[in-house]
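These notes concern the structure reproduced below.
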């Protein structure tokens, strides 16, 4: 099929991208740093659930969102990312952006960070790929610790605050279930409840992941804030899943295995995904 001149021109000025969620297959909190942040060691993995972002060049910046409760002002990471790209490159690039928000907020799935990374990628594409992926990764760390991860290929061991990214070979494709309770959790509040006086036997390197996979040091503090989360986890484990783990600072859990999700729970299925070099993420066909 041949494209018309108008279609070709329009494709140069607009782009539509998938913005994937992430889960933490393990998350170790090593300690609190002098700057007030926490030193982490975590295995990040992108999954096939996510948002959709549409970008179109225009003369002023605008952001709209399918979720009326999500702020679309300067506090939104999408606008922060666009303006960061403009300040770094000096380009007079303005965009009309629409966010089709499908991921729940305060779920530990990295939705906002993914949106920001996707925006940086889109800006670079619309500008003619004038900077490298490594530069985008470095810039992203200035506005969010989890943003650099999304410039890996989708599987990475992340350290520091999360911004130090060691890309890894893709893991085997795996079907999971994401279960999100009707409430979210504030990341700062979860970290505030960490108790370093209690000994923790979890290792903090990727090599030990095969020996003791799937742990999250933030679960205990999340359970202290919301005791019903522990009940939810135990219910999911008793339903037959091999693994049930909170992702990030919560409040969602990912489940692996052949269990059954209770009908009263809000849940959706997803799969591990990765991206190819010089391409952004896309969803995979459903696995059987």
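Each Cβ is built from the backbone N, Cα and C atoms, and glycine gets one as well.
What Swiss-Prot says about this protein:
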- 22: active site (ACT_SITE)
- 104, 105, 106, 107, 108, 109, 110, 111, 112, 113, 114: ATP binding site (BINDING)
- 146: active site (ACT_SITE)
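Structure with Swiss-Prot features highlighted.
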residue	record	DSSP class
22	active site	strand
104	ATP binding site	coil
110	ATP binding site	coil
146	active site	coil
Neighbourhood of residue 106 (ATP binding site), C-beta criterion under 8 angstroms, separation at least six: 183, 184, 185, 186, 187, 250, 251
Distance check against residue 146 (active site) for the binding-site residues 104, 108, 110, 114, keeping those with Cα within 10 Å: 110, 114
Cβ-based neighbourhood (8 Å from the centroid) of the ATP site, residues 104, 105, 106, 107, 108, 109, 110, 111, 112, 113, 114 excluded: 21, 103, 248
Listed in sequence order, residues with CB under 8 A of residue 22 (active site) and six or more positions away: 44, 45, 46, 47, 109, 110, 113, 114, 146, 149, 150, 247, 248
Cβ neighbour count within 10 Å of residue 114 (ATP binding site): 27
